[in-house]
Amino acid sequence: MTGMAKPLALTLGEPAGIGPDIALAAWLKREQHGLPPFYLLGDAGCLSRCAKLLGLDVPLAEVKAEDAAAAFATTLPVVSTGQIATATPGQPDATSAPAAIASIEHAVADVRSGRAAAVVTNPIAKSVLYQAGFHHPGHTEFLAELAKRDGIVPQPVMMLWCPALAVVPVTIHVSLRDAITQLTTDLIVSTARIVVKDLRERLGIAQPRLALAGLNPHAGEDGALGQEDRAVVAPAVAILRREGVDARGPLPADTMFHAAARKTYDCAICMYHDQALIPIKTIAFDEGVNVTLGLPFIRTSPDHGTAFDIAGSGQANPSSLIAALKLAAQMASAKTA
């Protein structure tokens with residue numbers, strides 16, 4: 001992976017969270033894990049203070065994006081966004097929100113202009129950004145807004161990935177009651193189409209196999225435990241199959257995620273947030289990767305939050321970020337192959 005022509009653009013994330021910690025730790029493990037070249041978009045001073053606090057010997061180099069790959073072997077390249085991040089680890093401060101936002105904006109600009117191969121995002125704290133006037137529901141929605149063309153915002157799809165399992169929740173950050181209300185055949189189909197397209201183009205799976213989970217216990221048990229699986233999920237499966245997609249379902253969710261079952265599909269399409277995230281976080285808590293499908297560029301992220309309680313302590317585990325960097329490089333290579 002280290003022979004990639006273009007580096008990955010890594011965002012700063014919430015400066016008071018563990019983003020700086022794991023960025024530094026990942027660079028130190030670059031040879032051990034064969035990491036692709038990456039550069040961090042943000043404030044070199046923030047990283048320098050973090051490295052000193054953690055007692056890490058990480059040489060930093062402020063460079064232009066086009067020079068980052070060459071600098072990566074001996075230094076952690078930092079591309080300035082012009083925003084200073086002064087937050088203290090573990091003490092989020094709205095004054096650093098512009099630095100987090102600018103990092104995301106510059107990363108998207110770099111990948112869309114061809115300076116970077118993909119975007120990898122460190123965790124943000126939405127509550128902190130809201131204090132600074134951020135009006136998007138979350139990271140993914142902001143990325144979709146930045147990706148719009150001709151006024152059209154793409155439909156982003158969240159996939160959680162590890163080597164043993166890939167899952168996609170059709171409904172995401174809403175209550176269970178609202179998830180049931182929002183779930184429609186059209187939404188399931190449009191989500192699955194995006195999954196199939198990106199699995200083909202970005203992960204090199206020629207004929208993706210989808211397993212669609214039922215909403216209700218036992219996938220509704222022929223209507224005895226609810227009508228949604230017969231009325232909403234099954235028609236979506238039928239439409240996908242008519243389009244040539246290898247899709248099965250609705251399947252009882254409680255038997256979809258054991259080892260033998262996982263070998264029968266490439267991605268599980270789940271109906272709500274916890275149905276998707278509980279199995280993957282059980283299987284790969286430290287190595288899960290959040291992938292946003294449906295965007296005109298590749299975006300991955302570690303599957304965890306800002307972890308303010310351990311920021312600056314040296315306890316943050318970089319495994320999920322390392323996995324996110326490696327998956328982004330894999331997807332970029334597949335797309336250019």
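Using N, Cα and C of the backbone, Cβ positions are placed for all residues, glycine too.
According to Swiss-Prot, the substrate binding site annotation covers His139, Thr140, Lys281, Asn290, Arg299, on the basis of sequence analysis. The Cβ of Arg299 (substrate binding site) lies under 8 Å from the Cβ of Ala118, Val119, Val120, Thr121, Leu143, Val291, Thr292, Ala328, each on the same chain and at least six residues away in sequence.
What Swiss-Prot lists as divalent metal cation binding site is His173, His218, His273. For His173 (divalent metal cation binding site), the Cβ neighbour count at a 10 Å cut-off comes to 14, with all displayed protein chains included. Classification of His173 (divalent metal cation binding site) by DSSP places it in coil, neither helical nor stranded.
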Chain-internal residues, separated by at least six, CB under 8 A from His218 (divalent metal cation binding site): Leu225, Pro252, Asp254
Rounded to the nearest Å - Cα separation of Asn290 (substrate binding site) and His273 (divalent metal cation binding site): 13
Secondary-structure category, per DSSP, in which Asn290 (substrate binding site) falls: strand
Set of same-chain residues at least 6 away whose C-beta sits under 8 angstroms from Thr140 (substrate binding site): Pro156, Met158, Thr292
Three-class DSSP secondary structure - Arg299 (substrate binding site): strand
